[in-house]
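Reviewing the structure listed below.
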């Protein structure tokens with residue numbers, strides 16, 4: 001069974017950029033619901049497999065994608081953030097960003113634009129294209145997981161569902177995007193980058 005991962009910091013640790021109320025609801029209610037619903041869906045899926053009921057298996061796939069994606073995405077998101085975050089990455093990741101986007105500022109602009117531009121709910125991502133050996137920016141709707149739907153390996157995810165920012169930033173998604181750069185955990189993003197290069 002899947003379980004809700006602990007946050008590596010307190011709910012209030014990302015203040016003033018993301019307030020404690022948002023973090024508490026987002027982690028203990030929203031992410032917890034994805035985990036619970038994923039477990040229920042997987043149980044039903046196992047039953048359908050055991051019975052050889054292909055129709056039931058197909059019917060369960062949207063719930064598997066939505067709740068499984070929600071669990072995968074949020075598990076990455078919490079580690080991508082840190083009260084000691086912000087600034088720029090260092091070393092090989094910074095070099096790769098400059099190579100693939102021209103500069104760190106241009107990369108920030110592109111990922112911000114992709115995230116702000118998501119229609120409705122979804123995610124903005126920095127991913128790694130293993131075949132090309134390149135960093136790429138992508139946007140995914142709803143809880144579609146990056147790797148499962150695009151093949152890109154997720155390095156940095158920005159949640160642009162309204163539950164991620166509305167209580168603090170209301171309908172002004174660009175203000176939330178400006179703020180989140182102050183808490184990006186570049187050490188975590190770099191670890192992910194180095195791991196997928198092996």
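Even glycines carry a Cβ here, placed using N, Cα and C.
For the Mn(2+) site, Swiss-Prot records 26, 159, 163, and the single candidate of 71, 74 listed with them is 74.
For the Mn(2+) site, the Cβ centre of 26, 74, 159, 163 serves as reference, and the other residues of the chain with Cβ at most 8 Å from it are 27, 30, 31, 77, 161, 164.
Residue 44 (N6-acetyllysine) sits 28 Å from residue 159 (Mn(2+) binding site), counting Cα to Cα. The shortest Cα-Cα distance from residue 74 (Mn(2+) binding site) to any of the modified residues (34, 90, 98) is found for 34.
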